[in-house]
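A.B. asks: Handing you this structure, nothing more for now.
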Amino acid sequence: MGFGSKDEWCGSIVKYSMFLSNFIIFIGGIVLVAISVYTLYDKSFIKELLGTNLFTGAVYILIVAGILLSLLSFLGCAGAVKEVKCMLLTYFIILFIIFIVMLVGGILCYVFRQRVQTTMQQEMLRTIRFYGDDRAITRAWDDLQEGLHCCGVTGYDDWRQHRIGGIIPSSCCQEINGKKQPCNLSFQASLQIYNTGCLNVTTAFMKDHATTVGTVGIAVSLFLLFGLAFSCALFMMIV
């Protein structure tokens, strides 16, 4: 296999362009996986209160796609070096599939971004009733309130309105000098409660993460177009 003599110079340019595009794709895949994994495990307790698996599913899709992408870049380079049409065709088909998958994953992150506040508010109001009875929910609420310094859905009154007994969890109490302050005993003690509701804080946090992952996913998928174009051109030039 090789190029025709008249296409040798042009073929070399396409080959090295494909090397460069695959190197960028390899780096992009690693960056995508790193950001997606970080997003998945940063404040992971929030996932219990999301009310939808849309974001988590999209992130898992992008993680798998990023790993496959990094591995596939080696196949593209091998196909370019050996000038094997079968390898280039295989590379093109798999890369096209990953392109579609990553594009869908990135778009799902933006769809989630638009729905997160509504779904999270419904899930928070539902789960607040099971605080103390369900271990996973209890831990999620405690970690959320302590980690983001917030209390309740829109405020600490949510605990009094929606929880049997109306007792505010100690995770709502502010911490001063490493010591939790009492916040259930009197009006004065209630001043030690985190004033910010968790809904707005968590929504902003998740929107930022969804925007980051979605943008990286879509950006990397657009770089795949170069790999598709160069592999197709190289395939057509090999005689």
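The chain as shown is numbered from 1 upward.
Just so you know, glycine gets a Cβ as well, placed from its N, Cα and C.
Heads up, TrEMBL stuff is auto-annotated, nobody curated it.
Not my notes, these are from TrEMBL:
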| type | residues | note |
| --- | --- | --- |
| TRANSMEM | 20-41 | transmembrane segment |
| TRANSMEM | 53-76 | transmembrane segment |
| TRANSMEM | 88-112 | transmembrane segment |
| DISULFID | C151-C172 | disulfide bond |
| TRANSMEM | 216-238 | transmembrane segment |
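Tell me what's around each of these sites.
C.D. replies: If one looks beyond the transmembrane segment (20-41) by at least 6 residues along the same chain, the residues whose Cβ comes under 8 Å of a Cβ in the stretch are 56, 59-60, 62-63, 65-70, 72-74, 76-77, 80, 102, 209, 212-213, 216-217, 219-220, 223-224, 226-227, 230.
Away from its own ends, the transmembrane segment (216-238) comes close to residues 1-4, 7, 10-11, 14-15, 17-18, 21-22, 24-25, 28-29, 31-32, 35, 62, 65-66, 69, 73, 76, 79-80, 83, 85, 88-89, 91-92, 95-96, 98-99, 102-103, 105-107, 109 of its chain (Cβ-Cβ under 8 Å, at least six residues beyond either end).
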A.B. asks: In sequence order, what residues of the same chain, 6+ apart, have a Cβ less than 8 Å from the Cβ of C151 (disulfide bond)?
C.D. replies: Q145, W159, I168, C172, I193, Y194, N195, T196, G197, C198
